[in-house]
Amino acid sequence: MASLGAAILTIVAMPHLDIVTNVTILNSVAVVSTLLQVSTQCTARERNRFLLPSITSMVLIILGFVLFCFLYIMKDPANTKMIIWVGLAVGGAFLVSFNWWETYFRLIGENSSSIFLKNLCRDMTKCQNVLHILSSLLRIAVTACVLGAYVPLAKMDWDIVKSIPSRETRIIVITVGVQLISSALCHWFALAACKMHALRRCFILPLYLASLAVMALLIIPVIVYYQDYRVKLNGTASINFTGYCNVAVDGRTLNQNSSVFPELVLDVTHTLCFLDMSKVTDIGILTGSATSWWLGLVLATLHLWYLSVYRIQRTQDLFVRRLYEGAFIEQSLLLNTRFDVLTKSKKKKFRPLETAMIYLCATMWHETYNEMINIIISIFRLDRYRPKNEEKSKDFTFEAHIFFDDAFVPAEGSNDGHVNEYGENLVKVITEVYGTFTNINQKSFRRQQQIPEQNIIRTPYGGRLVVTMPHGNNIVVHFKNKELIRHKKRWSQVMYLYYLLGWKLMTKYYERWQGGEDEKELREEVQREKHNTYLLALDGDTDFHPAALILLVDRLKMYPRVGAACGRIHPTGSGPVVWFQKFEYAVSHWLQKTAEHVFGSVLCSPGCFSLFRAEALMDDNVMKKYATKSTEASHYIQYDQGEDRWLCTLMLKQGWRVEYNAASDAYTNAPEDFKELYNQRRRWGPSTMANVVDLLGSTNIISRRNRSMSKPFMFYQLFAIVSAILAPATICLMVAGSISFLLPIPSAGSLVISVIPPAIYLGLCFKLKTDTQITIAGILSVMYAFLMLVVTMTIIGSMVKDKTILTPGSMFVIIMAIIYVITAILHPQEFPLVFYGLLYIVCIPSAYLLLTIYSMVNMNNVSWGTRESKPPAGADTPSAPTPRTPAQKARNTLNQFFSSIKCCKKSNRRPQEERLSVNQENMNPEPEQLNPQPQNSIVEDVNIPNSTFQHNQINVAEPPHQCWVSKLQSLSNDVHLQETSLNQEEHRFWEDLQEKYLKPLPDDKERKEKIASDLRDLRNKICFAFFILNAMWLVATFTLQVFDGVFAINMTKVDLNLNATGGYLQIDPIGFMFIVGFATSVVIQFFGMLYHRLYTLIHYVAFLDTEPVVQKHQSEEFYQPGKMVDPVSNIESHPGSPVNSESEESDDEDDEFRMTRINFGDGTMV
């Protein structure tokens, strides 16, 4: 129906109307929308706010039709043809207005009691894409039928229609092309404006003014030409517009060689000549009809001004139909926007986003004091940004959890041991940061308790410290004892997955189900909460700002099939090793991750800063399989060495998508030592290859289950993994080329020479210790760095020698340089990183040749390799302890028992007060402290005699043994750690979880030897296949060079001015195809980066348009001079640093930090 009306209006009626009417009658297509608005609002259950504007709009549009008919029909009532054209125009506009009936049918179905209407609405939503395809095909058929019927009915000859002059054909093609392109651009920019949260100023207002602007653009040139014609007649005033029409029409007929613009102006003039514009009455009626239609459209879409739009609003959530009407572009965009009945009690009504629950999950092991400060400040910063109990923070709430691996060390006479020095440092950091964020006065900080008391709990896995931050959110530290629960990072992640998603999320619904609540409703609530619960995976040294987290939350809130989202990771540190990583991280994020995001899905969301959806983690074969114990050699490489990549692999196999947000910045410490870098990449390399091969092996299943992982994208990943495998051979070929250019050595000989050093290093890696291997790699890296300078000069020298720039090597280098520079320019905040590319170039052999050899040969070493303070795997284990006699065992048991009793009976006072009392007990005893109340919940609330208390004072001052609880309490001089107990249900949960998944692995020497043997066998097999492929690549190249000129590709030689010289260059076909393939993949990545940058900009602008309102309010509340200090500027990077509160009360520093908060992820490091 709508397509029929559009064809009748544009093809049949409009050619017979004036241009002003043709532009303004488009606004009348809102007539059915106004009727449906009135109907929808009248059937609504509540009183609405826009019933009167809808009725007024309908009246104005009908008035416009009346004035339009009066203008054309009453001028010549006997002209039956004009009556037909006017009737067709009105009927066509009425039919076109049925285009947007779906907008109101949804609301009618919701308010109706008819089950049929509700089911019909639901079925139409499900089949929307199919319906759009069928309607598009039907539209084409209807338009063709109308055109076919109109030509004979209008008594036109098809030969005349086909034999349009070339000049008019060119004008028609240009006009149609401009209309198509401008409509598509208008539609895209309108969507971008809505996503940028600029609905009013960049969407509604421009579309209102569009028809007025078009009318002015058409009328003004006509007036100018008309006035110019009068000037040519020496100011003769007797000629009116009717006379000018006759002259203009005759001139258009005679002058067939004018340019396009004057021809268009004459064409517009010709359409205006249908009416006698010299009469004021006709002009007034025409203006009245145009104004009535325009005001009718404005009132019909007045509800849009009150519409609430989210950041990066999804198109399907904002617009009912995904198609747009090219001939009615502005009306289509305005009327296609979702309509909701706005009640008088609500200014805005839009589907609200539910409050998300975010669990910040950080894993720690051997982080330094400075690294701990980074993440603790980030968590406290988020606490201040999203206070728990404020209404404005209802978009999400959060709770931070830190899982501290291997946190206990044995202590003689203590059952549980003591928290190690790293755990003690964490407690000190939390205390120091807490005091800074609450602006505690240092003059009273040491004398009077100002931080609320916090809780410390004994747990089946070790212990827990619960700290309530200043604005109500909790930070929970889980100290893991490896003797009680399985250690290492993956098992810490399994621990928090089952605890947060199994216990905290699911238990309450299970209890409600046991209480008799409806199971169906509970299942829906569970599914909804799983969908809106997120886990932010963090490393122990990650530094981030609240903006970075909010941007990741936006991605998961807007797109329900996104299972995880990661941000831009910035390595921090100093030195050449870090500089190399800065450029490497930049290129991998700029090009590789953006290409994966645009053309498929990101394959790895790094564990240092990634947001996961609970629903995706709890899907089949994700969390359950992630908790699988490694039983085979390949499991240790794929599961434990790259746990974040394997988790993403499991999610991708289940159909979830992983995205990358370039505007979400996070900072983490990078290895600054050459050895640490090699050990880190020794883990990453084999695990990456294992997971990618796993995905490629399941291509058919994944491409069917995951819409993002298409087969072309999997082919792209196949080419990437093949390029990575052949990287060592490619480096050798590059070195061989430089040798043959510099020295009088044949190409085959230079190839042999280039292979000798890596071959020797490969053999040494099988025989020498890892430290020696890394030392040799460092020496060779320096030698190869000098050689890379030679390679660079060789490429330039070959261009000069051959007097051409069209050699494969030179073209490859030039294209890569241009792409990298343009990419860096499009990342202005990171542009300085491009200068590290010079260091990256000279380090290419070390990164892609030596490091590859080292990681492949040492893949059987499954130790972590970084932050290790103990001997690596494979070192000699200490001898077994001497067996004890039964008497010794009994004596030790009694000692531990009495030690635990002493730990329980302790004073309720602060430790520093106890030490002060011990030192002064003979000088000035304090009577008011002689009857303290017990702090420990195990001890009953009774008074302790004076003599007993004095005895305990001496024991506390010089304790022979302390349990870990009292040890931490003694460290927390400024925070009272109150010991509480775990409830029985949660205690039972931990015991069951430990028994099923997290029970410490037995120290089975035979099993370890078998696994080590299996890892060596796997290493040997993979290394054989890996290096055989590289050898085959080299042999193939060697063979082609032996038969020089037989298989070569001849390329015309071009000089520096791009002129053919008549000579030819002979190019190795295999090398040429590899270079072309690699360059093609980089070009594809470049275009993916351009697309990604555009949508990152949209998201960034939307963020700036919405968040600063909250930030400004918080700035006024938290950053008044003298009330809030700057934690970034006042916390020193060493333990026990004093807090200088006086220097932080200046207005300058306060304003500076305010700018730091509003800045978008500036990454200020502590």
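Just so you know, glycine gets a Cβ as well, placed from its N, Cα and C.
Now, the feature entries from TrEMBL:
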- 919-935: compositional bias 'Low complexity' (COMPBIAS)
- 1142-1152: compositional bias 'Acidic residues' (COMPBIAS)
- 867-888: region 'Disordered' (REGION)
- 906-935: region 'Disordered' (REGION)
- 1125-1166: region 'Disordered' (REGION)
- 19-38: transmembrane segment (TRANSMEM)
- 50-74: transmembrane segment (TRANSMEM)
- 80-101: transmembrane segment (TRANSMEM)
- 130-151: transmembrane segment (TRANSMEM)
- 171-191: transmembrane segment (TRANSMEM)
- 293-312: transmembrane segment (TRANSMEM)
- 713-743: transmembrane segment (TRANSMEM)
- 774-797: transmembrane segment (TRANSMEM)
- 809-827: transmembrane segment (TRANSMEM)
- 833-857: transmembrane segment (TRANSMEM)
- 1022-1049: transmembrane segment (TRANSMEM)
- 1069-1091: transmembrane segment (TRANSMEM)
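Contacts between the transmembrane segment (1069-1091) and the transmembrane segment (50-74): absent, as fewer than 3 C-beta pairs lie under 8 angstroms at sequence separation of six or more. Remote same-chain partners of the transmembrane segment (774-797), defined as residues 6 or more beyond its termini with a Cβ less than 8 Å from a stretch Cβ, comprise 674-675, 678-679, 734-735, 737-738, 741-742, 757, 761, 764, 768, 809-810, 813, 841-846, 849-851, 854. Residues 3-4, 6-8, 11-12, 124, 158, 161, 321-323 of the same chain lie 6 or more positions beyond the ends of the transmembrane segment (130-151) yet place their CB under 8 Å from a CB of it. Most Cβ pairs under 8 Å to the transmembrane segment (833-857), among the stretches 19-38, 50-74, 80-101, 171-191, 809-827, belong to 809-827. With a threshold of 8 Å between CB atoms, the same-chain residues lying at least 6 positions outside the transmembrane segment (171-191) that come near it are 164, 203, 207, 260, 263-264, 315, 324, 326-327, 329-330, 333. Within its own chain, the transmembrane segment (80-101) is flanked in space by residues 1-2, 4-10, 12-14, 16-17, 25, 28-33, 36, 65, 68-69, 72-73, 320-321, 325, 328, 332, 335-336, which lie at least six positions past its ends and keep a Cβ under 8 Å from the stretch.
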